[in-house]
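What follows is one structure encoded as structure tokens, with my remarks underneath.
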Amino acid sequence: MDVLDLSRWQFGITTVYHFLFVPLTIGLSVVVAGLQTAWYRTKKPEYLRLTKFWGRLFLINFAMGVVTGIVQEFQFGMNWSDYSRFVGDVFGAPLAMEGLVAFFLESTFLGLWIFGWDKLSPRLHLATIWLAAIGTSLSAYFILAANSWMQHPVGYRVVNGRAELTDIWAVLTNSTTLVTFPHVLFGAFLTAGAFVLGISAWFLLRGRDVAVFRTSARLALVVGLVAGIGASFSGHWQAQIMTEQQPMKMAAAEALWEDETSAGFSLFAIGDVENGRNHVNVQIPYGLSFLATNTFDGKVQGINDIQARYEAAYGPGDYRPVVGLAYWSFRLMIGFGGLSALLALAGLWLTRRGRLPSGRWCYRIAIAGIALPFVANSLGWIFTEMGRQPWTVFGLMSTASAVSPGVDVTEVAITLVGFTLVYAVLAFIEVRLLLKYIKLGAEERSEPESPVPALSY
Amino acid sequence: MELTTIWFLLIAVLWTGYFVLEGFDFGVGILLPFLGRTPGERATVVKTIGPVWDGNEVWLLVAGGATFAAFPEWYATLFSGFYLPLFLILLALIVRGVALEYRNKSDSPKGWDRAFFWGSLGPALLWGVAFANIVRGVPLDAAHEYTGNLFTLLNPFALLGGVATLLLFTLHGAVFLALRTTGELRERATRAARTLAPLTVLVVLGFLVAARSGTVSWAAVAVAAAGMAVALVATLRGRDGWAFTGSALGIAAFVATLFTSMWPNVMPALDPANSLTVTNAASGPYTLTVMTWVAAICTPVVLGYQAWTYWVFRKRLTGAN
């Protein structure tokens with residue numbers, strides 16, 4: 001493995017890991033803010049208990065998102081210095097805005113929320129959690145604007161071998177950003193929904209604090225279903241934009257080798273990358289044309305044809321991403337995300353009008369279902385980033401030319417191993433802490449044993 | 001004023017904000033095992049920065065992001081050139097952040113407190129090493145690529161810079177703890193500040209005099225000296241607020257000395273022809289204009305609500321809590 005491979009592995013591992021925490025932070029912050037709003041309005045003590053219970057889990061998760069986020073900002077410069085030189089003028093702007101607008105907001109007001117229970121008026125205290133929640137979503141917006149520019153560069157010109165910003169509004173209102181942002185947010189709410197549902201199911205299964213956790217389970221089911229529907233619609237728009245802007249990614253996602261009209265949506269294919277064809281391909285007729293163009297007979301470009309076009313446009317080279325990876329990550333993302341939404345739908349039916357299902361398996365499925373959106377989110381990012389290869393900035397800069405020229409293999413190997421080990425240990429600690437705080441439950445506790453209230457550092 | 005000058009100043013301001021604010025967080029972490037003798041006291045020590053440390057750390061993220069946006073060449077060269085030291089800083093910040101958040105949620109905070117200590121000490125030292133190297137100049141080639149290795153960065157001058165920031169932040173932390181606590185904790189913090197101050201003044205001034213160049217920087221060195229002197233005298237007289245103002249001023253002047261000495265370089269090279277300057281490292285005028293507007297609108301708002309946070313949590317914490 002050379003510096004490029006190791007740097008890519010490091011970016012992949014640290015980013016996917018970071019994004020395990022981010023969607024839960026985004027989704028759960030709004031759930032907690034919503035519960036606290038319910039308590040503020042109704043003064044029902046169970047809402048306060050729920051706010052504190054989910055708030056504790058939210059904070060355990062938030063901490064991991066914060067500390068792994070610092071690495072993200074640093075490694076553009078550390079491992080991708082030529083990328084940073086080339087794009088800094090454009091890419092740095094949304095990144096700096098993310099810090100100034102979003103990070104300050106979420107971290108400052110979260111500090112106020114955690115320690116401000118008895119220092120701020122209830123109204124002001126409620127405002128702090130909402131501001132923190134808004135901060136987390138704003139952060140997603142800016143970083144997605146930066147990422148979308150890599151998928152579909154706009155508002156720039158290339159001067160002296162580097163991209164120069166010419167229109168910040170074009171970057172902030174990039175069509176790719178506008179469809180990706182809702183998709184990521186819906187994904188985040190799907191994640192929070194599955195998380196809250198699964199943990200509530202754990203309590204319901206044990207018959208512990210049933211009334212309260214039935215409430216949070218119902219809330220989670222509604223959030224999950226709405227998010228699931230939202231994610232599928234936004235994903236549909238995203239697919240259309242992707243087909244237009246990055247046809248190779250769409251073609252790889254579908255293992256579609258030749259240009260086709262009335263293309264089918266592939267469910268299962270065994271491909272032959274070498275010869276550019278499929279051995280087996282089970283399809284939903286017209287599905288892909290509809291997904292990609294909104295018409296049943298729309299034309300969708302195929303890998304072999306795009307490869308020929310790109311060679312004509314960008315010079316000789318292999319412009320195909322790893323087709324198998326793009327194909328499976330795309331379908332499994334849809335599969336896992338869709339399954340999570342279906343669980344929410346089934347759950348809403350099973351818990352209608354005050355009911356609770358008696359089968360223990362229902363609750364076990366809900367607990368296992370926590371994993372679904374996490375896997376879907378990760379696959380979504382793997383798809384969108386790997387599907388863009390060999391480009392790091394589509395059409396402008398290849399990944400191979402983006403890596404730091406001055407960093408050697410030993411250095412990257414040290415950091416790759418170092419981050420991976422530390423992250424693995426932290427994952428272990430985080431899960432143990434979450435389990436501990438779940439088991440403690442949402443019962444009102446007097447907290448004299450600990451010198452500091454539980455909801456604090 | 002030219003846009004590149006404005007951004008040079010703004011980045012100096014962001015680092016100042018970072019070192020003044022996170023400086024005492026680091027100091028608190030370093031002093032924790034020495035000042036907190038019981039679990040209750042240690043909890044109080046940590047609680048002094050509990051509500052604010054995360055917001056303080058954002059200053060670093062914004063300094064990094066602003067450098068990326070305004071001086072991409074500087075960002076690229078600095079971050080790839082100082083690869084391993086930055087990796088160590090990142091690991092330390094990760095461990096420290098998790099320790100701060102999890103110590104009270106775990107069955108025993110002992111291991112976390114050790115992590116908090118090392119996670120504070122590491123960056124407090126390494127930031128000084130990094131900035132000493134930036135000011136002194138590092139080997140860069142014509143493409144602005146760093147050509148040295150880890151050991152190039154660990155020269156005696158840089159290590160002196162590391163000890164200087166370590167002492168400065170520890171003193172700042174002691175003064176901060178004296179301001180934020182009562183009773184025995186406060187007495188111990190005051191004692192620590194008194195003990196640390198003379199050595200800190202000596203090392204910091206020694207480093208700054210060796211690091212500085214140009215006439216303006218003399219003024220900054222003088223302010224740094226005055227700030228630390230105020231911190232010491234005010235500590236002796238029990239005026240905690242003034243002591244904190246003094247040490248904060250000392251840190252601000254420390255950063256000012258380094259930045260005024262660098263100007264107009266942002267990263268001087270050993271061969272001056274290859275130096276990164278505010279001109280050759282900068283983004284285009286359009287980006288700088290946009291970012292100037294964003295900074296002009298957002299920075300006062302951020303300063304406002306962060307100041308309000310400190311106001312909300314202004315009450316001193318007692319040891320037993």
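Backbone N, Cα and C atoms are what each Cβ position is placed from, and that goes for glycine too.
For the transmembrane segment (A:20-41), the list of distant contacts is 47-48, 50-51, 54-55, 57-58, 61-62, 64-65, 68-69, 122-123, 126, 129-130, 132-133, 136-137, 140, 184-185, 187-193, 195-196, 216, 219-220, 223, 227, 373-374, 377-378: same-chain residues at least six beyond its ends, Cβ to Cβ under 8 Å. Here TrEMBL flags A:20-41 (among others) as transmembrane segment.
The transmembrane segment annotation in TrEMBL covers A:53-71 (among others). Here the transmembrane segment (A:53-71) has long-range neighbours at 14, 17-18, 21-22, 24-25, 28-29, 31-32, 35-36, 107, 110, 114, 196, 199, 216, 419, 423, 426, 430, 433-434, 437-438, 441-442, 454-455, meaning same-chain residues at least 6 beyond its ends whose C-beta is under 8 angstroms from one of its own.
Taken from TrEMBL, the feature transmembrane segment applies to A:91-115 (among others).
Annotated transmembrane segment per TrEMBL: A:127-150 (among others), in sequence order. Sequence-distant contacts of the transmembrane segment (A:127-150), counting only residues of its own chain at least 6 positions beyond either end whose CB sits under 8 Å from a CB of the stretch, comprise 22, 25-26, 29-30, 32-33, 36-37, 87, 90-91, 94-95, 97-98, 101-107, 109-110, 112-113, 116, 120, 156, 171-172, 174, 176-177, 180-181, 184-185, 188, 388, 392-394.
Feature annotation from TrEMBL assigns transmembrane segment to A:184-205 (among others). Listed by sequence, the residues of this chain that lie at least six past the ends of the transmembrane segment (A:184-205) yet keep a Cβ under 8 A from its Cβ atoms are 22-28, 30-31, 54, 57, 137, 140, 144, 213-214, 216-217, 219-221, 223-228, 230-231, 234, 337, 340-341, 343-344, 347, 356, 360, 362-364, 366-370, 372-374, 376-377, 380, 438, 441.
Look at TrEMBL and you will find A:217-239 (among others) tagged as transmembrane segment.
Counting only same-chain residues 6+ beyond the ends of the transmembrane segment (A:328-350), those with a CB under 8 A from a CB of the stretch are 187, 190, 193-194, 197, 217-218, 220-225, 227-229, 231-232, 235, 253-254, 266-267, 356-357, 362, 365-366, 369, 372-373, 375-376, 379-380, 382-383, 386-387. The transmembrane segment feature in TrEMBL is assigned to A:328-350 (among others).
For the transmembrane segment (A:362-383), the residues of the chain that approach it from at least six positions outside its boundaries are 12, 15-16, 19-20, 23, 187, 190-191, 193-195, 197-202, 204-205, 217, 253, 325-326, 329-330, 332-337, 339-340, 343, 347, 350, judged by C-beta separation under 8 angstroms. The annotation transmembrane segment is assigned in TrEMBL to A:362-383 (among others).
Within the chain, the transmembrane segment (A:412-435) has long-range Cβ neighbours (under 8 A, six or more residues past its boundaries) at 3, 6-7, 9-10, 13-14, 17, 57, 60-61, 64, 67-68, 71, 78-79. The transmembrane segment annotation in TrEMBL covers A:412-435 (among others).
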